Each structure stands twice: as structure tokens, then as C-alpha cells.
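Let me begin by presenting the structure, written as C-alpha cells, before commenting on it.
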Ligand SMILES: Cc1cc2nc3c(=O)[nH]c(=O)nc-3n(C[C@H](O)[C@H](O)[C@H](O)COP(=O)(O)OP(=O)(O)OC[C@H]3O[C@@H](n4cnc5c(N)ncnc54)[C@H](O)[C@@H]3O)c2cc1C
């Protein structure tokens, strides 16, 4: 097996790098590097830049306007974007809802919603979790009752990432309370501007209001907003989650993070020696690099399987667990490398005139460290993923 990049792949990498050099404004990459929020407008601009180049929906089939890149192209693109500190592509419409609509949505839904995801006209958020229904998602209680040609929705979703920017939410709702838990759930598309919806922010450990609570109070939703069949939502929800988990692996982010921590560890410390000469630190650094290389290969294998039509199965759980452990280990090594300078975790401390204390590269470290605690929780916690892996692989 030849693991080197082909000439064609090297040329593709050069093309991506040139595109980023020309189209990614320095003030945007600087914000990303320092962990400063881009706001809605900042994300929308980057979304439009990629869409204009035809590189936004790189995981979509061509028939829906995607670039249909292979696993190596995706890997190269993600690696280059992370290394250049490009904004992350907001995944809710593009990588979560779109695969569901492409597989299970009606032609009318595909024709209506997919182009609007590409154009950025619609910003989607994910309404799965509820208070009391996170890991045990199938126990969700948000109720949708049929009333003529509408559903009437009542209940609450929580941890809704960037819901404050969204004009649409895809929701799991209970349509049959008598059926077995998983069998009474439907997948509904809800306009966030509908009367009866209230969005309330939740502030995270890093000081940012990245997630929200969303309340539904007699919200009327047209029946044509049901995806697939009523009470079959659990099947679609699981399909979406396998895509979500594979994306969370974040190989490119880890590679960029690893490069950054290596740079910091080579800087001379107060005792005249760089941290990388400390055997304990060097061993951890080497281990995480080995783990990352192994995971990058697994990631490509799973993406290629998915591209050939097989939905990623239990492998997406493996990627999620391993990928998030690696990202958190890199965060931890970076935090240790900057020592007491990893203090200004609140966004105010790295914005405006509030210059961080210590070297400039230490500024965003604590914010990233605290924010990325979420990685082992969302998309189904790592404990839950381990349970899935054990059940599928060991019949537990
Ligand atoms: C920053 C952030 C963003 C999020 N964004 C979204 C979003 O946009 N949309 C959305 O729908 N959801 C979102 N979530 C919710 C996320 O999916 C849930 O937090 C997650 O599924 C865990 O559910 P929970 O918080 O209710 O914890 P719980 O389910 O109460 O779990 C608490 C702890 O118990 C452990 N545990 C629970 N059951 C088991 C078990 N059977 N075996 C072993 N351990 C177990 C868990 O691993 C966890 O450590 C987000 C969460 C975070 C933190």
C-alpha cells in the first residue's frame, strides 16, 4: 500500500492552499486562532466564500450541487483549513440535515431546502436533546399532535448550539406516546420564527453563549415539514448521528493543534531549556502524534466507505471517542505548556484592549481548553459510544 500523496493530490493541496491565501482574510484567521467569536455575519461570509468556489458542500453528491470529494480530498481540505485557521463550517444544515434530506426527504423538500442551505438563506440548528433526554434520547417528551394539516408542538429542547442565529430547527418530536419509545418519534422541520418559540441562551465555561434552550408553546407546523414517515424519526435520527460523530473526529483541528503545541514546547523556558526536552512531556507529545496518525488513516477509510454508499456504522462511534480524546489531550498539553499564562479564559480577556497577560500565543489556550470539554459530551457522550462499540463488537 502506498501511503504517499499522488501528484494529483499534491496539486489539489496546492490549490486549496492558494485559495486560502487569497480568500481567507487575516483578521478572520486571527480571530479563529485567538478563539474570538466571529458572530453570525463572520460565519455567513465564510460560508458564501466557500459556496462561490463550489467547495462548501464537498461531502454532498453532485446531483444535489455538491463537490463529491473523495476521502483524501476531504482530508487535505480539512487539514489545510485548520492549519490556516479558517472558520469551521457550521455543520447543522450542511453535514447533518442535508444527508438526511438527501436519503429520506421528499423531492419537494430536497428542492426547497438544499439550495437554501448552500446559499446560506437558512441557518439550521439541531433540536434533539431535552432536559432529561440526552444520553437517553429516545425518552424525549416534546410532543407533536396532529391537528388537520398541522402538527401542534409543545415542549423544550436544550443545548441547542448557535440556535440564536438559526431560522430553522430540525427536531425529534413524540407523535405516538403509546408506542415503544423509539417507535413513536418523528423528524420535523420547524421555522424558528413561528409564534410560540422562545430561545434562551446558556453561557458555557469559556464565557460564550454558544448554546441555548428552545421552548415550544403551541407551535403550529405544517404537515409537509415532516421528513419521511410519521413515527419513523428514530431511523433518520440515528443516520444523522453517524454523520455527526464522524465529523466530530476533527483530524485537521488536531493536526493544527499539535503543530501549535510543538512550536510552544520548543521555546526556551525560564530554566533555559525548552519543555520538549522534558521526557514526560515529550513522551505524551509523541504518543498523541502516533494516535493522531493512526486515527487519520482510520478516518479516511471510514469516509471512503461512506462515499461508496455505506453509512458509517459503529466506526463513527470509534472515531468520535478516539478523535475527541486526542483533541482534549492536545488542549491539555497546550495548557500545561503555557503554564500560569493559561488564565484569561473569558472571551473578554482576549478581545479589544484586554490584552492577555503573557505571550500572545497563550491568550486563547484556556478558552479552547474549557470550550473543548464539550467534545466528549455532545454527539452522544463518549461513555455512551463505548457502550455502543462494546455491544456491536463484543455482543455485550
Ligand atoms: C456544548 C454542547 C453543545 C451541544 N449541542 C447540541 C445541539 O446543538 N443539539 C442537541 O440536540 N444537543 C446538543 N448537545 C447535547 C448533547 O448531545 C448531550 O449533552 C449529550 O447527549 C449528553 O446528554 P446529557 O447532557 O443529558 O447528559 P446525561 O445523559 O444526563 O449524562 C450525564 C453523564 O452520565 C453518563 N451516562 C449517561 N447514561 C449512561 C450510560 N447508559 N452508560 C454510561 N454512562 C452514561 C454520560 O456519559 C454523562 O457523563 C450539546 C451539548 C453540549 C455540551
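Every residue, even glycine, has its Cβ placed from backbone N, Cα and C.
Features of the protein shown, as given by TrEMBL:
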- 6-121: domain 'Acyl-CoA dehydrogenase/oxidase N-terminal' (DOMAIN)
- 125-219: domain 'Acyl-CoA oxidase/dehydrogenase middle' (DOMAIN)
- 231-392: domain 'Acyl-CoA dehydrogenase/oxidase C-terminal' (DOMAIN)
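Mapped onto DSSP classes, the domain 'Acyl-CoA dehydrogenase/oxidase N-terminal' (6-121) shows 84 helix, 0 strand, 32 coil. For the domain 'Acyl-CoA oxidase/dehydrogenase middle' (125-219), residue counts in helix, strand and coil come to 7 helix, 47 strand, 41 coil, using DSSP.
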